[in-house]
Amino acid sequence: MGRRARDRRRQLQPQQRRERSGGGGGGGDDQAGWAGGYPEIVKENELFERYYREQRIVPDGEWDAFMAALREPLPATLRITGYKSHAREILHCLKEKYFRELQHLEVDGQKVEMPQALSWYPEELAWHTNLSRKILRKSPQLERFHQFLVSETECGNISRQEAVSMIPPLLLNVNPDHKILDMCAAPGSKTAQLIEMLHADMNVPFPKGFVIANDVDNKRCYLLVHQAKRLNSPCIMVVNHDASSIPNLQVDVDGRKETLFYDRILCDVPCSGDGTMRKNIDVWKKWTTQNSLQLHGLQLRIATRGVEQLAEGGRMVYSTCSLNPIENEAVIASLLEKSQGALELADVSSELPGLKRMPGITKWKVMLKDGQWFEEWKDVPSNRQTQIRPTMFPIKEEEKLKAMNLERCIRILPHHQNTGGFFVAVLIKKSPMPWNKRQPKVHQKLPGKTEDTEVTATNAGDGSEDATEKPTLAEDEEPKKVQELQNSDTEQSKKGVCGPPPSKKMKLFGFKEDPFVFLPEDDPLFLPIQKFYALDPSFPKMNLLTRTQEGKKRQLYMVSKELRNVLLNNSEKMKVINTGIKVWSRNSDGEQFGCAFRLAQEGIYTLYPFIHARIVNVCIEDVKILLTQENPFLSKFSSETQRKVKDMAMGSIVLKYEPDPEKPDDLQCPIVLCGWQGKTSLRAFVPKNERLHYLRMMGVEVFKAKRKEGESEGKTEEEVQCRPAQTEEGMDVEDKERDAVTKMEAEIDEESPRSPVESSAMEIENKSEDSDQCSKNTNSHINQESKDMNTNNVKD
């Protein structure tokens, strides 16, 4: 398209938009809401109603209520991050400030409905509200509430997540020492829940467990990284594989290679998504039975691969946002049948009291999109047997069916608690799967082994094909295969490098990622850091890594010991997108301040227990100064703070606030900030949204009134009063990159199966301009170190 054509198109677009918004609904300005100007989708689907009436998933007498609920908009739901020490402060702030402001508020003559806590979610940490975006824009109090939600979401203190999607992680019963696999993890709200559970004890910086979050879609993996990074955990790894063929991983156990089996697996598979009709209204016109018939095979393959990698005694949760028994009970029944007693459905009826649920069904039928029904496989004509498979039908033998206990499955119906539709099944693995009885394990000690020279071994279940269709590897082929992989991997492992696969034959799909290079024990880079910050001897320096093999190391990241083990032993198999949290960044002025590396805020809660020097305890008034002023002079701080920093060398410091129990009106949770002491000043290196979070918790008003048309470009009084300081040279770049990820987040719905964006009050209001550009931006957001060697800007 030429320049003139583009100009003409731009001139026409505003007029076309005005014409569209004035027509159709006949409401003109009244219709210019979130979906203003577009023809309203009729929420009717005769085939849908016929199908589910026949399947009898809805109790007698409740059909009208069920359909009425599906036609109502879905309430927006938020979840307060539970493991952070200030979760109670956020809850207190929500209830005592923002909710109280809404108590007697009226908009357009109608009383605003108060947000309600989810009765079944622990400790009142999840809430839902019917406030729409249109209403949020009509009142300053509501606008403040919206800004609070958006900012806290960006910090990771609040997650926007559909209510029913919170159920699977809760039913996993995660402990901090569990090894967890999230098979289809993007966009990452359930993954965030799992990370929270690992860090249940905030006094343990490195829990023994970890989360490996996988997704088949490369772009969605970067959205997953963005979600996970908000929680600042060293125990999360994001990988990019097809879940139905995700490879077996190896770990070093006392010098031997052993297959990694997971204690917990979340198997939230792709689905037709008819449980999301309340938010994804396109489903009304697009729904057919063909969707479930096409997905059934993939869902069964993913679930099968999951139970293969589950440890004996482990728990796997299978879930979909579909109501269809072909995607739900049929998959579970087929999996139980071929497991030959190795799996059983767990009885979770006593878990999550307050959650209204329906039991799984034992009888269902299969329908084609033309409305033709089949009750048994034998009734299916040969020309239809490519669309319909035997595993889609219920088990006919009554004894076998009864032993499966399919009624232990959970189906959530929308009209019971004003939610979306959902299905959950909890599986326990009692013994190895029948087709994995001869699964080989390598217990071969490597010659001349050191901690950094582990190599990768492989076995039958490395995921190249579905294990039920491929026989296990013959035992006499093992030594040869192991030797081949030793030869290819040992050189990089010796250097502590986990990078892209070196051989073309083993190369994985997708983009080339920067390597993960662990610092060797004798690396001269670490000694000045250890001395400057007086690090505890127990500090696990072997877990430090960088993302470049050459040139100056500009960022230092950290992972847990267990994830280090996984990384070093699987560089040939895994496509790792991201892992670790940033703990140190190189100073732009080099070593003139005693140490070349300053502390990074995202890793400070992990590092703090090991730091014994350069810690300054500050009062709450000092914290307010640090967070509201750009580079305040030392004279502005309390005399006690001035005294503490007077004789301290310039450079990076830790600023610690401890609550005073005798002052209950002050903030009652501890705060740890990264700071910088200059010759005459003291500043905080804290991202903007995190600053706003702490200020809100301290009762400082940080609301920014939106400028109306025609207003000057000057700052509002509130913006000037509480303007967060620009903390780093690279902060502008950080904000732009976060905006790019946020735009992608607006494109990809938080909890739907690869579906349109959810219209909730908490969603950040950005539209994506170009998803390919977003992918490029977010890729650089994660893998910047080796690509930006010539800049001193700080990037995440």
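We number each residue from 1, going along the chain as drawn.
Any Cβ shown, glycine's included, is placed from N, Cα and C.
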**Item:** Recorded S-adenosyl-L-methionine site member, picked from Asp254, Asp263, Asp268, Asp274, that accompanies Cys184, Ala185, Ala186, Pro187, Gly188, Ser189, Lys190, Asp215, Asp242 in Swiss-Prot
**Value:** Asp268
**Asked** Quick one: Cα separation, Lys190 (S-adenosyl-L-methionine binding site) versus Cys321 (active site, nucleophile), in Å?
**Response** 13
**Asked** Going by DSSP, is Cys184 (S-adenosyl-L-methionine binding site) part of a helix, a strand, or coil?
**Response** coil
**Prompt:** Reported as an integer number of Å, what is the Cα distance between Gly188 (S-adenosyl-L-methionine binding site) and Cys321 (active site, nucleophile)?
**Reply:** 15
**Message:** Going by DSSP, is Lys190 (S-adenosyl-L-methionine binding site) sitting in a helix, a strand, or coil?
**Reply:** helix
**Complete:** Counting other C-beta atoms within 10 angstroms, the emptiest spot among the recorded positions Cys184, Ala186, Lys190, Asp242, Cys321 is Asp242
**Asked** If you draw a 10 Å sphere around the Cβ of Gly188 (S-adenosyl-L-methionine binding site), how many other Cβ atoms fall inside it, taking every protein chain shown into account?
**Response** 30
**Message:** Using the alpha carbons only, what distance in Å do you get between Ala186 (S-adenosyl-L-methionine binding site) and Cys321 (active site, nucleophile) once rounded?
**Reply:** 14
